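Q: Annotations for this protein, taken from Swiss-Prot, read as follows:
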type	residues	note
BINDING	SER111, LEU112, LEU113, PRO114	(6S)-5,6,7,8-tetrahydrofolate binding site
Amino acid sequence: MKKIIFMGTPSYATCILKALVENENFKLVALFTQPDKAVGRKQILTPSDTKAFLSQNYPSIPIFTPSSLKDKNIIREIKDLNPDFIVVAAYGKILPKAILDLAPCVNLHASLLPKYRGASPIQSAILNKDEKSGVCTMLMEEGLDTGAILESLECDIKDKNSSEVFELLANLAAKLILSTLLNFDKITPKKQEESLATLCRKIKKEDGLINLQNARELYQKYLAFTPWPGVFLENGLKFLELELVDELKQNAKMGEILELEKESFLLACKQGVLRIKKLQESGKKALDGRTYLNGKRLKSEDSLC
């Protein structure tokens, strides 16, 4: 039975953690995750998704939430646990060489590396209109997502939002980690092709700001930034549900309401047309498109804003 230290934080990581802890070939000896965070208006201290799952279902397994992995005591703790593998998935901390040298460190990255190294591989793939994505296992080294590839699985992501793709890739990753660890000695690591490498940065709230220039680009932003940070106009109006109707139409005025439907409306961009199904003004409740227009006394050929 191989001893595993798992390092991960969000629900994507929990799916992988669950697969490992339930498999009879592995013994989870510790979880490392981010410290509890103050969440919401009341700033309630909340554990990470992985910590909540493990403490509720496997309370005897130790959980560590260090602020730094460079602490000599933390490195000693990991060494004393004597893991066969350290598995990392969306942990949010960089592993120092002192830890990388203790055992094979296998990272599960939510892209087909070397494409989309960094913090937002799923959102970046959607923004770039990729129809395929995937997950890969990688031998970690000191660079950011630069290690040799062990195995990978790919899937179709066309017209899926980030939340849906996260779930899809988490389930793939849960299968992939079992395959990689069980066949580790038979796998020949494959060096990444540096000339094909791309980087992606962390998503910020302001990335959700949109204009009505291009319907296709707005639609891709909507998919990429669901559930967070969402998409919103400069006046704070959020588009919560929308569909791409036409990406080429150009003979209407930007922002013009083209047609009212039962629970939605068609909106003209400078290029293309969107169906707005649900939207929300800042500080107010969400409304379906038709109800929102009725409340504002807006009709066909009026400007939305």
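Here the Cβ of each residue, glycine as well, is placed from N, Cα and C on the backbone.
Looking at the shown structure, what environment does each listed feature sit in?
A: Listed in sequence order, LYS132, SER133, GLY134, CYS136, SER152, GLU154 are the same-chain residues at least 6 apart in sequence whose CB falls under 8 Å from the CB of LEU112 ((6S)-5,6,7,8-tetrahydrofolate binding site).
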Q: In the same chain, which residues outside the set SER111, LEU112, LEU113, PRO114 have their CB within 8 A of the centroid of the CB atoms that define the (6S)-5,6,7,8-tetrahydrofolate site?
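A: Here the non-site neighbours turn out to be HIS109, LYS115, TYR116, ARG117, PRO121, GLY134, CYS136, ASP145, ILE149, SER152, GLN192.
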Q: Return the residues near PRO114 ((6S)-5,6,7,8-tetrahydrofolate binding site) by Cβ distance under 8 Å, restricted to its own chain and a separation of at least 6 in sequence.
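A: Sequence-distant Cβ neighbours: ASP145, THR146, GLN192, GLU193, GLU194, LEU196, ALA197, THR198.
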Q: Would you mind listing, in sequence order, the residues at least six apart from SER111 ((6S)-5,6,7,8-tetrahydrofolate binding site) in the same chain with a Cβ closer than 8 Å to its Cβ?
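A: Spatial neighbours, sequence-distant, of SER111 ((6S)-5,6,7,8-tetrahydrofolate binding site): ARG117, PRO121, ILE122, SER124, ALA125, SER133, GLY134, VAL135, CYS136.
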